[in-house]
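J.: Here's the feature list from TrEMBL:
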{"type": "REGION", "residues": "21-47", "note": "region 'Disordered'"}
{"type": "REPEAT", "residues": "56-98", "note": "repeat 'WD'"}
{"type": "REPEAT", "residues": "99-140", "note": "repeat 'WD'"}
{"type": "REPEAT", "residues": "194-221", "note": "repeat 'WD'"}
{"type": "DOMAIN", "residues": "294-372", "note": "domain 'Anaphase-promoting complex subunit 4-like WD40'"}
{"type": "REPEAT", "residues": "323-364", "note": "repeat 'WD'"}
{"type": "REPEAT", "residues": "365-403", "note": "repeat 'WD'"}
Amino acid sequence: MLGFFLAEPDDLADEMEDVDFDEEGAEEPDAEAWETEDDEGVEDGMEAQDDSEVTFSLHSASVFCVSLDPKTNTLAVTGGEDDKAFVWRVSDGELLFECSGHKDSVTCAGFSHDSVFVATGDMSGLIKVWRVDTKEEVWSFEVGDLEWMEWHPQAHVLLAGTADGNSWMWKIPSGDCKTFQGPACPATCGRILPDGKRAVVGYEDGTMRIWDLKQGTSLHVLKGQDGHQDPLTCVASNQDGSLIMTGSVDCHAKLVNSATGKVVCVFKMESVAPKAPAGEGEEAESNSVESLGFCNVMPLAAVGYLDGTLAIYDLSTQSLRHKCQHESGIVQLLWEESSAVVYTCSLDGAVRLWDARSGKMINEYRGHSAEILDFAVNKDASIVVTTSGDHQAKVFCVQRPDR
């Protein structure tokens, strides 16, 4: 199958004819379930089209997270509500090994910068690290309820944030440990900056801290007017780490100078439609920033909202450049590494590619019968790996003839 991914776009059409992509689907125990009458409607429509090349279906519940190995982009790790994590081959969905022993939903999973280790973390706070080549567990540790986890960009160092407000840093596999004490509320999101010396962590109380990883001290604290009014949901930095962007339930995205800790500007999303007053027992429709990221090749940033808006902001003029509307909430967005193309995945089960210069949709890929919960794009932007509430992970080939 791998040849399929490497083929020239012209050869792809011919190869498609010879590959029966439905083989895997045929053995699925759930195949009959789609025939039942209850499943008509949304799921029926969502099930109809499958643009994926490979389906990984060893999970028995929602699949929450996915990461690709950075070195070769040939392996994926997925974690799910079934308390399981698997490392598998992207080219054919072949299982390499199971990361066993978790006692709760696996919500975080990722490879070290050199693909030597893979880490998996569950909601209860049990984190395990495995050596990929020997498939052996080399380290495990238990913290409080886990909110997020990330590998260091240049070292075998793991960072994680927990519900008690702490962030933890470990050397792997020795386990040398350092903690960064935040406010007494969950550390909801975090990101190690590209210099590898600092990390930015967002908290449920709307504050954000930039930590010096070596000293263990906070360099900047943004709170009050500089912070957010509601919990932080996501944080990102640009390629050189000079700018940070934070997103929150308050629907604001703040651009911050990482050296000074000063807010450069605030991007506020005006409501698309006036909110109707909520009826009895109905919740008012809520909106929040769900995901954000910087473009590497132009001064642009993208912000994805729960109401389905993808906003492209121009950083040089600090203004809204495009608004790209989705039918349902955006779960996550990622920029292509070397172009102005944004990928979004949403609650309607589709992956979409957007040209950030024109604001136009380039392409849409479907195949999941439920919402997409996480996704990853490989380095040369030829494949997307998605995970979903339909218990599956899928690999989509997104090679475009124009490249």
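Using the three backbone atoms N, Cα and C, a Cβ is placed for every residue, glycine included.
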J.: Under 8 Å between C-beta atoms and at least six residues away from its ends: which parts of the chain pack against the repeat 'WD' (56-98)?
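T.: Residues 1-2, 4-5, 24, 28, 104-111, 113-115, 118, 120-122, 130, 132, 135, 370, 373-376, 378-380, 383, 385-389, 391-395.
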J.: Across the repeat 'WD' (56-98), what are the DSSP residue counts per state (helix, strand, coil)?
T.: 0 helix, 22 strand, 21 coil
J.: Summarise the model's confidence over the repeat 'WD' (56-98) as a mean pLDDT value.
T.: 98
J.: By a Cβ-Cβ criterion of under 8 Å, what residues six or more beyond either terminus of the repeat 'WD' (194-221) are in contact with it?
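T.: Contacts with the repeat 'WD' (194-221): 152-155, 159, 161, 165, 167, 169, 178-180, 182-183, 185-188, 227-235, 237, 239-241, 244, 246, 248, 250, 256, 258, 260-261.
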J.: Quick check on the domain 'Anaphase-promoting complex subunit 4-like WD40' (294-372): DSSP residue counts for helix, strand, coil, in that order please.
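T.: Helix/strand/coil tally for the domain 'Anaphase-promoting complex subunit 4-like WD40' (294-372): 0 helix, 44 strand, 35 coil.
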